[in-house]
Amino acid sequence: MLKRCGRRLLLALAGALLACLLVLTADPPPPPVPAERGRRALRSLAGPSGVATAPGLEAAAAAAPGAPVREVHSLSEYFSLLTRSRRDVGPPPGGAPRPADGPPRPLAEPLAPRDVFIAVKTTKKFHRARLDLLLETWISRHEEMTFIFTDGEDEALARRTGHVVNTNCSAAHSRQALSCKMAVEYDRFIESGRKWFCHVDDDNYVNVRALLRLLGSYPHTQDVYLGKPSLDRPIQATERVSENKVRPVHFWFATGGAGFCISRGLALKMSPWASGGHFMSTAERIRLPDDCTIGYIVEALLGVPLVRCGLFHSHLENLQQVPASELHEQVTLSYGMFENKRNSVHIKGPFSVEADPSRFRSVHCHLYPDTSWCPRSAIF
């Protein structure tokens, strides 16, 4: 009896050992190919009928029970509908732009000055009062990448720098005039073939070294919209979709007064709404200024989120709060009035506030102490 039990136990152990060896030596199943992954992703989104439905469309169907739900048969169609439904439904509550602040990003691609197109928007009445200061400071070092967009002929300005574009737009500070200039800026950038488009106003100082570092951390072929919103929530607008139909739309936008940048990859996708005069008609759909229209095209129509960057500064913020020890890291600065007080960065330098109310000359000497007109004994 004992011998029989022992024989059975040995046979059971041998069988278990053989099964383990077969499992260990068997080839693992091959990983799914990309197309199969796509089909599985679509199946995971499918309802009982086996047909995938884009998120956001279910909510729309629930709001209108009789409305048909669009069927999705491929990943590309799914993401297209996802973008469209995001535009229609609006951003989720508390949604915010992706931040670019924090530790420096690794370099994605080295950039040369000729890779960047900086458009400076101005008007003829400010050629002397504002542009002369920029030409004396940061533009003097970076004429190759800077293009001035104005609304009137100025032979003296044209002789001083070769990159002056008379847009023939109105000199009024109106929604239509601002959009007219932005339309010309966009078209000139596309024609230039450069990698990055950056827009600033004539009251901005651009720290080009910091700008190149920032842009170099993003591939220009990807969809990148960099800037700083002036609002703490998405702007709400009314989008005209036909003669008798409007609908609400929500989106973030980077304020033009602080400057913003757009990659070439994204700018090319904006073409149906921005090129060849389409920008002005797009602006009329929401009846908002040029910088808002940029945000509308990028966020609401293309579904690309704004990347918030605190290194851009406008006169709408308290510039006294920018630490003097971090001025070399800032991409743009500004000046003006804030709460009925003079608003400029706080920096010690060779020029008094009376002689340098914008503090741009002092900032320039801080960044470029070898400038010929900067005092050699300057203390910052």
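Note: Cβ is positioned from N, Cα and C throughout, glycine not excepted.
Around the Cβ of ASP291 (active site), a 10 Å sphere holds 24 further Cβ atoms from the protein chains shown. Under the DSSP three-state reduction, ASP291 (active site) is assigned to helix. Among the features that Swiss-Prot reports, active site is placed at ASP291, with the record citing similarity to another entry.
Among the features that Swiss-Prot reports, Mn(2+) binding site is placed at ASP203, HIS315, with the record citing similarity to another entry. ASP203 (Mn(2+) binding site): 21 other CB atoms within 10 A of its CB, across all protein chains.
The compositional bias 'Pro residues' feature in Swiss-Prot is assigned to 90-107.
Other Cβ atoms within 10 Å of the Cβ of CYS180 (disulfide bond), summed over all protein chains shown, number 23. Residues annotated as disulfide bond in Swiss-Prot: CYS169-CYS180 (among others).
If you look up Swiss-Prot, you'll see CYS198-CYS261 (among others) marked as disulfide bond. In the three-state DSSP assignment, the secondary structure recorded for CYS198 (disulfide bond) is strand. Other Cβ atoms within 10 Å of the Cβ of CYS198 (disulfide bond) number 28 in total over all chains.
According to DSSP, CYS365 (disulfide bond) is assigned to a helical segment. For CYS365 (disulfide bond), the count of additional Cβ atoms within 10 Å of its Cβ stands at 22 [all protein chains shown]. Per Swiss-Prot, disulfide bond is recorded for CYS365-CYS374 (among others).
For ASN168 (N-linked glycosylation site), the same-chain residues lying six or more positions away in sequence with a CB closer than 8 A to its CB are ASP151. The annotation N-linked glycosylation site is assigned in Swiss-Prot to ASN168.
What Swiss-Prot records for 85-110 is region 'Disordered'.
According to Swiss-Prot, the topological domain 'Cytoplasmic' annotation covers 1-8.
Mean pLDDT, taken over the topological domain 'Lumenal' (30-380), works out to 84 on the 0 to 100 scale. As annotated by Swiss-Prot, topological domain 'Lumenal' applies to 30-380, with the evidence given as sequence analysis.
The transmembrane segment annotation in Swiss-Prot covers 9-29 and rests on sequence analysis.
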Write down the Cα-Cα distance for HIS315 (Mn(2+) binding site) and CYS169 (disulfide bond), rounded and given in Å.
25
If you compare CA-to-CA distances from CYS198 (disulfide bond) to each of the recorded positions CYS180, ASP291, CYS365, which comes out shortest?
ASP291
List only the single closest residue to ASP291 (active site), chosen from the recorded positions CYS180, ASP203, HIS315, CYS365, CYS374 by CA-CA distance.
CYS180
By a simple count of other Cβ atoms within 10 Å, which of CYS169, CYS261, CYS374, the disulfide-bonded residues in the record, is least packed?
CYS374
List every residue in the same chain as HIS315 (Mn(2+) binding site), at least 6 positions away in sequence, whose Cβ is under 8 Å from its Cβ.
ASP203, GLY257, SER334, TYR335, GLY336, MET337, PHE338, ASN343
Select the closest residue to CYS180 (disulfide bond) from the following disulfide-bonded residues, measuring between CA atoms: CYS261, CYS365, CYS374.
CYS261
For CYS365 (disulfide bond) and CYS261 (disulfide bond), determine the Cα separation and express it in whole Å.
25
